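Colleague: This is the structure I want to talk about, given as structure tokens.
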Amino acid sequence: CLGFPLSIFFIVINEFCERFSYYGMKAVLTLYFTRFLHWDDNFATAIYHTFVALCYLTPILGAIIADSWLGKFKTILYLSIVYAIGQAVLSVGSINDLTDHNRDGSPDIVAVNIALSMVGLILIALGTGGIKPCVSAFGGDQFEDDQEKQRSTFFSLFYLSINAGSLLSTLITPTLRASECGIHTKQECYPLAFGVPAILMAVALVVFVAGSKMYKKVKPQGNVMLEVSKCVGFAIKNRFRHRSKEFPKREHWLDWASDKYDKRLIAQTKMVLRVLFLYIPLPMFWAVFDQQGSRWTLQVFFLSGDFGFQVQPDQMQIVNPILIVIMVPVVDSLIYPLIKKCKLNFTPLRKMTVGMFLGSMAFVAAALVQVQIDKTYPVFPAAGQTQIRLINLGAAPATVQFQPQLQSVDVAPNAETGYMTFETSKLQSLDIMSANVNETRALELLEGERYTLPFKWVSGHINSDLIWDNITSKPASGKSLVRFINNLPFTVNVTMGDTEFGPLDPLSVSNYTDVPKPDWKYIIDVSWYLGYCGALSKKFGYGGAYTISIDNCVAGQLNLKYFEDMSPNTVHMAWQIPQYFLLTCAEVLFSVTGLEFSYSQAPSNMKAVLQAGWLLTVAVGNIIVIIVAGVSTIKEQWAEYVLFAALLLVVCIIFAIMASFYTYIDPNEIEAQFNKEEREEDKKDQDDNEKEAEADSRM
């Protein structure tokens, strides 16, 4: 078809569906850990990066299986089945109603959900990692030797399908997650967010199988990684055997393998090891880069996503693939030519060094954004402290004296004081004075908690009620919380949209409840035995908490007073764009150039070894994040960002020094030299054989 083997269209469609499945699932994974499984940020980060590390360790296994035993086709087929099963298991594990027998909205046996989720993720890691080194190579196998142009076009289409799958899935699956579903209770729809990627993986499998009769299937020819490993292992073992001084030294330690392996393999292995040595500092870059899906997604929790429409926290990851599509052609066709015109020798290793520096700066930008977030973050009571807030619901001003003689506060009618912090052991009671009435209220407070004390002068008495607020952090759901306080002299039933807040006695307060869509307005209905009143709410925004006072009803119109218990997110998501821009520029300079450099410095039959080494650096980078998340005692998130920025900057300097000592080679010239020597040896052997044959004939 158009000069291409028809089979490659099945492979491209398969890759699009598989990448949609992987990136769609990965986009919502961190929020699934924190919001559904209710893991803390550090543990969720550690498990996320454990999963990513597994995804980059298993390609080595997949390559060995494909090249040594099953071949690429069967490896892709069998591991895709494992992959699809894993996606399905993860989707089932995210069903809230699976063990919610009492129908309270929370799983009764959360261990079942965790177990299914972990099994699903392990199968996904095995599947996606196992097929990663096989699919593109299998596509390349479909072309004949004289189809270099078509093969190059195929790899461009292949790369485009990867980015298209990533872009669409990162946009769609967070939207599916934000929708609500459930049998007994409506919650964020993780089964749908994971289910659609599972369906796409099943489609990928069906498409791949559909083209099976058209594929050119190359038989396994042995895995070069195993040969290199055996060669290196034998050299080390042989050197150890001959460690005494009586044995003469050899020019290179790998030359000790010459007793068993030919010179060509040893020379090729030397070239590969020179590049792999430069890989040693690289994991630190990936430790920074892959935190887009963990720490940066958690950072968006505290940002405002109002762009005229609401952007979900996990949708911000789409900035990276969008910028990649823009930046790669801009850098290749504009930036690099300009640098060349300025006669600057911008070598591949220098590009990678600049990429690492930009990655470090991206985390400096993330730290600056975090500092701005922290300024808006509410101050909660520390150990040994309690916070209390006063709300005067009456029409007369009041003065409140905290006892014993701590401080005095004036509270205007229908107003609040904001949270005040006291040492719990010292605050025993308070005196409320309003309209010539003085009443004392004893206080029994818990350390580290927040309380609200609404009070009201009524017919010569001051009614009050101490309420435990039960929030010491931003809402875990990322939404806003709302509760109602009844300022009417009779019991009322309160609903907001489809949410019921139950009957409220005078001066009593409902529990906090999530606002389903904080960027929407809701109809608030209040009913009692003699009447009904309604009003339209305001938009609550994300990350806030509100107490709404039901004050009175005039001609069917409800009068409400909003008290802000916790301010909503005010720092805008757009402030994350600079850090994404810096990190994407870093990726273009580091990742694209790194692979290009690696391939240019190794023999053609050793590309798989370098690909395995490159993927291994990604896995090690994620392991670094796991270690830091597990052992770090840093409490401020901005400080952790600075730590990673500093570490990457140090590694960048080390890499620059290592790169300055590197000498570029042309593997093709070395290969040509070996070919020439082999031809000369073959000719010499042929001449010797001819001479022997001539001598034999004379005899």
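Cβ from N, Cα, C; glycine included.
According to TrEMBL, the protein carries these features:
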- 675-699: region 'Disordered' (REGION)
- 46-64: transmembrane segment (TRANSMEM)
- 76-95: transmembrane segment (TRANSMEM)
- 110-131: transmembrane segment (TRANSMEM)
- 152-172: transmembrane segment (TRANSMEM)
- 192-211: transmembrane segment (TRANSMEM)
- 271-289: transmembrane segment (TRANSMEM)
- 318-339: transmembrane segment (TRANSMEM)
- 351-371: transmembrane segment (TRANSMEM)
- 612-634: transmembrane segment (TRANSMEM)
- 641-665: transmembrane segment (TRANSMEM)
Colleague: How about long-range neighbours of the transmembrane segment (318-339): same chain, 6 or more residues beyond its ends, C-beta under 8 Å?
Modeller: 163, 166-167, 170-171, 292, 346, 576-577, 580-581, 583-585, 587-589, 592
Colleague: Three or more CB pairs closer than 8 Å, sequence separation of 6 or more: does that hold for the transmembrane segment (351-371) against the transmembrane segment (641-665)?
Modeller: yes
Colleague: List, by number or range, the same-chain residues at least 6 past the transmembrane segment (152-172) whose CB is under 8 A from its CB atoms?
Modeller: 4, 8, 11-13, 15-24, 27, 136, 139-140, 142-143, 196-197, 200, 314-315, 317-318, 321-322, 324-325
Colleague: Among 46-64, 76-95, 110-131, which stretch has the highest count of C-beta pairs below 8 Å with the transmembrane segment (192-211)?
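Modeller: It is 76-95 that shares the most Cβ pairs under 8 Å with the transmembrane segment (192-211).
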Colleague: Which listed range (46-64, 110-131, 271-289, 612-634) shows the maximal number of Cβ pairs under 8 Å with respect to the transmembrane segment (76-95)?
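Modeller: Answer is 110-131, with the largest number of Cβ pairs below 8 Å.
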Colleague: Go through the chain and flag residues at least 6 beyond the ends of the transmembrane segment (271-289) whose CB is under 8 A from any CB in it; none is fine as an answer.
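Modeller: Beyond its ends, the transmembrane segment (271-289) has Cβ neighbours at 228, 232, 254, 349, 355-356, 359-360, 362-363, 583, 586-587, 590, 594, 597-598, 601-603, 606, 609-610, 613-614, 616-618, 620-625, 628, 644-645, 647-648, 651, 654-655, 658-659, 662, 665, 667, 670.
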Colleague: Against which stretches of its own chain does the transmembrane segment (46-64) lie, if we need a Cβ under 8 Å and a gap of at least six residues from its ends?
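Modeller: Answer is 26, 29-30, 33, 39, 75, 79, 121-122, 124-126, 128-134, 223, 225-226, 290, 293-294, 608, 611-612, 615-616, 618-620, 622-623, 625-626, 629-630.
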Colleague: Restricting to the same chain and to residues at least six past its boundaries, which positions have a Cβ under 8 Å from a Cβ of the transmembrane segment (612-634)?
Modeller: 42-43, 45-46, 49-50, 52-54, 56-57, 59-60, 63, 132-133, 225, 275-276, 279, 282-291, 294, 594-595, 598, 640, 643-644
